[in-house]
Amino acid sequence: MSTVTSAADHLVSAHDSAELRKSTKNRKRGRALVFHLCSLALVAIVLYPAVWMLMSSFKPSSQIVGNVSLIPTDASLANFTKALEGIGGVSFWTFFTNSVILAVGSVIGITISCSISAYAFARIEFPGRNVFFALMIGTLLLPFHVVIIPQYIVFNRLGLVDTFVPLLIGKFLAAEAFFVFLMVQFMRNLPRELDEAARIDGAGHVRIFRSIMLPLMKPALVTSSIFAFIWSWNDFFGPLLYLKKPDLYSLPIALRLFVDQTTTSDYGAQMAMAVLALVPVMLFFLIFQRYLVEGVATQGLKG
Amino acid sequence: MTLTAEAPTTGPSTAAHSAARKRRKRSESLAGYAFLSPWLLGFVLLTAGPMLASLYLAFTNYNLFAPPEWIGVENFQRLAQDPNYLQAWKVTLTYVLLGTPVKLLAALAVAMLLNNAFSGKGFYRSSFYAPSLIGASVSIAIVWKAMFIDNGIVDQVQQFFGFEAGGWVGDPSRTMPMLILLTVWQFGAPMVIFLAGLKQVPTELYEAAAVDGAGPWRKFVKITLPMLSPVIFFNLLLEMIHAFQIFASAFIISNGTGGPARSTLFYTLYLYFRGFQDFQMGYASAMAWILVIVVGALAAVFFKTSKSWVHYSGEGK
């Protein structure tokens, strides 16, 4: 009813409406301008620390702290040369390789174990399924503190400290509930007729999972892989606990050692190493930003 | 799609033999557990088992070298009188209760700004999201430290505007604002979730409200906030639990000390010091269990009260 009255209110002569349209168009353009100016200003503020880090890595150490300017006056790669030398006889590339092994291992473990477990939750009826599902959701909220001490004790006793096993075993046992949840949600949205048809054709769960589910789950697997990689790449606590030998260090731990060992005034090399440690993450972001942002939007994953 | 077309239209026969059905049900259960086994094994070995073990350790004195010695509730009594432990709670709660709301307000404000019909939103959304991916890394902690140190760029800007100079890193009263700024900087992830929620709000609601003469503020309070409440609930719960677990940034910025003057002695840092530097594993286990109980209680309060402030629209959940 109210729409009718409002339509009546807007009844104007042809001439007036042309004027009106022109002015609304101008107003809309004005508002777009204001929107873009605000947003760009905000982007500049938000990205400033990251750009400052990148630009500082090309500056001499004496010109970093307190230098608001982004453009290096005498740019050089000296900082990177120094960062690539590594620490205490261990080359940067050793740390880099360790990080790659951990990240790729995480991706492989998570995609395999979480997709298999998610299939059970999403597609098979078995007693206790709802209880297990509730427990799985519960582990999403569980502070990790309550498991790390006994885990450390056991891994220590098994002689697995200073190996990658403690850092990777959870990934192969679907202990990262976020990914299981993400894949369950994704599978639940796939049409059930697909597997019912396959069942009638005599296919078992293994075949349905491998030939029907896995190919259809590609978007969920890609999103999971990207996050698994980045989370492993940035992980600090796990490697801090389990990796004591410098030649096993992942990049974040090496970076910390680097900061501890270089004199505080050598900000240039620190910035260069900080940049190098983030390069793969930034590359992933630039290539897969749509997957990442969509993944967050639909599944509520944290960065 | 082609597979759907091939699907037969007749359903499975309902007059199946009962014994055969029973057998099928059993094999179905077996398949269920087989597929669940990676998670189930992980749950038992890496979550449930360790949880029980740390519950036991919480009542013992254990240093990794001698066998655990049962001491009853002594760890908890000592915790209640440990000034460092109480400081850890103070620091952590300040961070959680101040940082999370400010971060979510920033996320919501920017999401409202981006929720319009103008072009170029994808670029802004990605730009704002980027810090969420790198914000918790060691690299950014180093950058943050360099920015907020004495005579750093933040100090320069302050001096330019005539504020009292001095770095934030060494000033116990300013390390908390510095770390809160670091978490607020990562507003992008909740912002993306808010944006997705805002897209779900039916535009007819706003049109109807406009016809009834509602202004922007009224529309926001009466339509946007209630329609967004499930997303607010989700963001608030996850961000708070996340905030309780802050470690790397505080560890790097304080040089692995929790200082200056214990101002960055977060719960996780203190637990790490006690458990993995002093090897007081019983004491640290007691700490871990108190945290679990507090976080669990917090989550329970959240879910309990959610009925009164979280509105699920009919077709949604």
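These residue numbers are counts, starting from 1, taken along the chain as shown.
The backbone N, Cα and C atoms fix where each Cβ goes, glycine too.
Under the heading region 'Disordered', TrEMBL lists B:1-22.
Here TrEMBL flags B:30-59 (among others) as transmembrane segment.
Positions annotated as domain 'ABC transmembrane type-1' by TrEMBL: B:89-302.
According to TrEMBL, the transmembrane segment annotation covers B:93-114 (among others). Residues of the same chain lying 6 or more positions beyond the ends of the transmembrane segment (B:93-114) and with a Cβ under 8 Å from any Cβ of it are 121, 124-125, 128, 176, 179-180, 183-184, 186-191, 193-195, 198, 220, 224, 228, 232, 235-236, 239-240, 243-244, 246, 266.
Per TrEMBL, transmembrane segment is recorded for B:126-144 (among others).
Annotation source TrEMBL lists transmembrane segment at B:178-198 (among others).
The transmembrane segment annotation in TrEMBL covers B:228-253 (among others).
TrEMBL lists B:281-303 (among others) with the feature transmembrane segment.
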- If we call contact 3 or more Cβ pairs under 8 Å (sequence gap 6 or more), are the transmembrane segment (B:126-144) and the transmembrane segment (B:228-253) touching? yes
- Looking at the stretches B:30-59, B:178-198, B:281-303, which one shares the most CB pairs under 8 Å with the transmembrane segment (B:228-253)? B:178-198
